[in-house]
């Protein structure tokens, strides 16, 4: 699940930066012909990457015995009659798929990020200066939002890889990893509202408007027929 989440977010960030680069600077370049096959291959790779472990599921009684022997000082867990499912009995297989997904999807993010900022600094674009200024503000906002996503995923990724290599298990750290991963959605939404001015203005106007003018007299509106019927 961690691998699928990390790879999916990486693929979405690739799509965001590629879209901005294509719209601003690459409409009439060779990339316009290659972008669709390349993006399709990224998403196909993202789907296929998490499939092999499901074809290599170990024998559950044997794998459960190995895992329980490996984890030290386990408390008495109550599964309430449910069986514990083990996807992999060793750490090498998950580490391989995590690393492959990370090192294949990260370079496109860096490439489109660097290319977009390079062209923004040079000021070469096929759109007007006003549109380019708005796109520059959007890129800056997306960079802050993407930085939060990368931080909330890179930290748990490094923690998982480190614990795998060192063969170290601490349940508190494992719980914290899942808490951080669970916060990436709502955290990204909050960051999006704060860094994008239209979203920020609308959200503040809606939330703050509830506490303003609640006791103010509402203006009385007259229909045109009523106004025409008034005599002086």
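Using the three backbone atoms N, Cα and C, a Cβ is placed for every residue, glycine included.
Sequence annotations record features per position, and here TrEMBL assigns transmembrane segment to 37-57 (among others). Through the fold, the transmembrane segment (37-57) approaches residues 3-4, 7-8, 10-11, 14-15, 18, 87-88, 93-94, 97, 100-101, 104-105, 108 of its own chain, all at least 6 residues removed from its boundaries and within a Cβ separation under 8 Å.
The feature transmembrane segment is assigned by TrEMBL to 95-118 (among others). Long-range contacts of the transmembrane segment (95-118) within the same chain: residues 2-3, 6-7, 10-11, 13-14, 17-18, 20-21, 24-25, 42, 45-46, 49-50, 52-53, 139, 143, 146, 157, 160-161, 164-165, each at least 6 residues beyond the stretch ends and with a Cβ under 8 Å from a Cβ of the stretch.
The transmembrane segment feature in TrEMBL is assigned to 139-170 (among others). Beyond its flanks by at least six residues, the transmembrane segment (139-170) meets 2, 5-6, 9-10, 13, 16-17, 20, 70-72, 91, 94-95, 98-99, 102, 109, 113, 116-117, 120, 177, 180-181, 183-184, 187-188, 191-192, 195-197 of its own chain at Cβ-Cβ distances under 8 Å.
For 176-195 (among others), the entry in TrEMBL reads transmembrane segment.
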